[in-house]
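Listed features, source Swiss-Prot:
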| type | residues | note |
| --- | --- | --- |
| TRANSMEM | 13-33 | transmembrane segment |
| TRANSMEM | 96-116 | transmembrane segment |
| TRANSMEM | 130-150 | transmembrane segment |
| TRANSMEM | 161-181 | transmembrane segment |
| TRANSMEM | 197-217 | transmembrane segment |
| TRANSMEM | 258-278 | transmembrane segment |
| BINDING | His260, His322 | heme binding site |
| TRANSMEM | 294-314 | transmembrane segment |
| TRANSMEM | 318-338 | transmembrane segment |
Amino acid sequence: MTSFLRSDRSRPVAIWLFIVAAMVFAMVVVGGATRLTDSGLSITEWQPIMGALPPMSEQAWRESFELYKQIPQFQLVNPDMTLEGYKEIFWWEWAHRLLGRTVGAVYAIPLIVFLIRRDIPRRLIWRCAAMLGLGGLQGLVGWWMVSSGLSERVSVAPERLMTHLGLALALFVLLIWTALDAWNGSPRVEERSPWRGWALAFLGAVFFQSLLGALVAGNDAGFVYNDWPLMNGRFFPGDYGGAGLWGTLAHSQAAVQFNHRIFAYALLLAAVVLVVLARRDRLLVGQGKSLATAVAAVVFLQAALGVWTLMAAVPISLGVLHQAGAAVLLAVATAFAWRVRRP
């Protein structure tokens, strides 16, 4: 078991970072619900300060609805939507943005206090500052994503959705890793673990699979090919190709779903190899073995949930649960990679 230097740790800082990570997890879940209910384009303006308040009068609601009526999603998809129907989708997007503002405040204000009190271990200060910058960037990316669906499209661009989710998950991983560092302090032992590279590679693979899932979501590809293990009776879909390489990889429903399936099978195989090798390795003890088992278990549960979600044609509840499962898998894979980075 690795021992740590107590002088280089801060439990209050760690607890704060874990809380922010939990809030980012909630953001990912609410974001999934916002997407699945087609609510993401209901607020057509970006007002970081004034936008924190919802419409406060019937006149304000009508004005907001009129703005929504000007975009293609209303004109081509929801021309019969009433004001009451608009309110339903508005609240999802508003809640998602409000939660984002709250996460920013819960991160920035304690950060300033901890810096003044010099409670943050010196080696983590720049990382904490970088995460503040990433949080601000995420807000800009969110609007960049929404803006792609306000003029020519009836939904946001899949690659922008992938960027938005990917940045959220990257911040989630970094928060967990930094919280673990703050909780435990610097390790006394600096020997390089043979598991470090493999664990980081697996974490990267899980992250990449999450990005592929975002492309599936952005293209509504979960609503086609709802059989398994084949795709409309074939292993390789006949309409895999799109308009060029990028059109295939980012915009073909058949391609993005096939890629997500194939990489899921690869992750399943990698998880089996991971847990078998971890169980046989005498140098990996205690938490390392337990976390390896947990990683494999969550991979299998997430894969089963993905198949269920697909075959059920993506009901909102299962779609949100599958997105939450991706974040849980990332969290467990992060904990495993962090724990085995040294003996």
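Keep in mind that glycine also has a Cβ here, set from the backbone N, Cα and C atoms.
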Check: When you scan the chain for residues with a C-beta under 8 Å from the transmembrane segment (161-181), skipping those not six or more beyond its ends, what do you find?
Finding: 13-15, 17-18, 20-21, 24-25, 27-28, 31, 35, 121, 123-124, 127-128, 130-131, 134-135, 137-138, 141-142, 144-145, 203, 207, 210-211, 214-215, 217-218, 250, 326-327, 330-331, 334-335, 338
Notebook entry, point to check: Can you find at least 3 Cβ pairs under 8 Å between the transmembrane segment (318-338) and the transmembrane segment (197-217), where each pair is 6 or more residues apart in sequence?
Noted result: yes
Note to self: Quick check: in three-state DSSP terms, what is His260 (heme binding site)?
What the structure shows: helix
Next item on the list: Sort out the residues at least 6 away from either end of the transmembrane segment (13-33), same chain, that have Cβ-Cβ distances under 8 Å to it, and list them.
Entry: 39, 92, 95-96, 99-100, 102-103, 106-107, 110, 114, 119-121, 124, 164-165, 168-169, 171-172, 175-176, 178-180, 182-183, 217, 316, 319-320, 323-324, 327, 331
Check: Counting only residues 6+ away from its ends, which parts of the chain sit with a Cβ under 8 Å from the transmembrane segment (258-278)?
Finding: 195, 198, 202, 205-206, 208-209, 212-213, 215-216, 221, 231, 236-237, 240, 249, 284, 288-289, 292-293, 295-296, 299-300, 303, 306
